[in-house]
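Below is one structure, written out as structure tokens; the observations come after it.
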Amino acid sequence: MARPKIALIGAGQIGGTLAHLAAMKELGDVVLFDIAEGIPEGKALDIAESGPAEGFDAALKGTSDYADIAGADVCIVTAGVPRKPGMSRDDLLGINLKVMKAVGEGIKANAPNAFVICITNPLDAMVWALREFSGLPHEKVCGMAGVLDSARFRHFLSLEFGVSMRDVSAFVLGGHGDTMVPLVRYSTVAGIPLPDLVDMGWTTQEKLDAIVQRTRDGGAEIVGLLKSGSAFYAPATSAIEMAEAYLKDQKRLLPCAAWCDGVLGLKGLYVGVPTVIGSGGIERIVDIKMTKDEQAMFDSSVNAVKGLVDACKGIDETLA
Ligand code: A3D
């Protein structure tokens with residue numbers, strides 16, 4: 001049986017890391033696509049040359065020709081520009097919308113059966129635009145943000161509690177960015193909810209609130225340190241977790257930006273929600289009940305995403 005084909009659209013910081021991870025995990029053969037001359041070919045060759053020492057079986061190809069992504073099983077999209085210090089994710093909207101148009105058309109023409117994971121920011125609006133431009137079924141197009149946001153939350157919690165990150169699970173909802181909604185009552189250490197851990201004296205409410213805020217600002221913290229570009233190791237790992245769930249039909253319950261129509265009170269919007277990912281793509285959205293406060297935070301996050309989608313419609317009239 002032929003190995004799965006993984007197309008990475010964008011061969012920058014995240015794209016290169018994705019290629020390396022996909023090869024090392026032997027998820028399939030990798031095609032790195034980018035418009036920057038020589039970059040996709042150079043990175044593909046460099047990673048392929050790590051194969052003998054690492055001992056993986058995966059073919060890598062760099063290209064600037066969409067025909068090379070033909071028949072891809074998975075496409076992970078990072079094409080576009082990242083943030084610089086002082087920029088918000090939303091500042092990227094105009095530039096990256098044009099990129100989504102080119103990428104969406106390229107996927108539509110060459111890989112219409114792929115499971116598509118968008119990473120380009122501002123995430124929730126870009127995954128919506130990419131779906132519109134590609135015309136693929138909604139359940140086959142999603143965005144990576146929640147896995148990363150919850151990984152950051154889990155990391156900070158594990159530092160606070162002095163326990164393994166593996167035993168910390170976290171639940172985040174809403175758009176990627178400042179309005180993200182970490183749900184503390186559904187976040188646990190080995191099944192013990194965070195509010196109970198506060199009662200048990202493992203931490204204080206103030207410290208927990210500070211961790212929630214650090215999670216919301218997690219992307220900006222890295223941008224501030226790197227000074228050029230944004231996070232790429234953890235974003236790449238997070239998208240690989242989603243791709244693996246699809247390729248291996250794992251039915252993983254992962255938070256991601258998914259098309260919500262008739263769930264969580266939403267009528268047709270991409271936003272971060274708990275989903276089940278398997279061979280059907282986004283197979284299910286977990287329609288959780290929220291408290292009044294959580295609902296209010298979720299609503300404000302949803303409104304922020306709606307504002308960005310409307311802005312996209314204002315820029316590109318084919319989207320209106
Ligand atoms: P970077 O290293 O700049 O790579 C982007 C690549 O896209 C570059 O190599 C460009 O040449 C390429 N590119 C630009 N236009 C096109 C095009 N039309 N077709 C194909 N390739 C093109 O950025 P990065 O890899 O660090 O980040 C990529 C994106 O991910 C940015 O928009 C970031 O803001 C975003 N990002 C999202 C998250 C989330 O959690 C959602 C986290 C981190 C970064």
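Please read every residue number as a count from 1 along the shown chain.
Yeah, the Cβs are placed from backbone N, Cα and C, and that goes for glycine too.
What TrEMBL says about a protein is an automatic prediction, not a curated fact.
The annotation domain 'Lactate/malate dehydrogenase N-terminal' is assigned in TrEMBL to 5-143. Residues or ranges marked as NAD(+) binding site by TrEMBL: G10, A11, G12, Q13, I14, G15, D34, N96, I119, T120, N121. Annotated substrate binding site per TrEMBL: R83, R89, N121, R152, in sequence order. Taken from TrEMBL, the feature domain 'Lactate/malate dehydrogenase C-terminal' covers 148-306. What TrEMBL lists as active site, proton acceptor is H176.
Taking a C-beta cut-off of under 8 angstroms and a sequence separation of 6 or more, I119 (NAD(+) binding site) has the following same-chain neighbours: I14, I76, V77, T78, G143, M144, P235, A239. In the three-state DSSP classification, R152 (substrate binding site) falls within a helix. Among the binding-site residues I14, N121, R152, residues whose Cβ is positioned under 6 Å from ligand 1 are identified as I14, N121. The residue listed as 'active site, proton acceptor' has its Cα within 10 Å of the Cα of these binding-site residues: R89, N121, taken from G10, G12, R83, R89, N121, R152. For the domain 'Lactate/malate dehydrogenase N-terminal' (5-143), the model's average pLDDT works out to 96. In the structure as shown, the Cβ atom of R152 (substrate binding site) sits within 10 Å of 26 other Cβ atoms. With the fewest other C-beta atoms within 10 Å around its C-beta, R83 stands out among the recorded positions R83, R89, H176.
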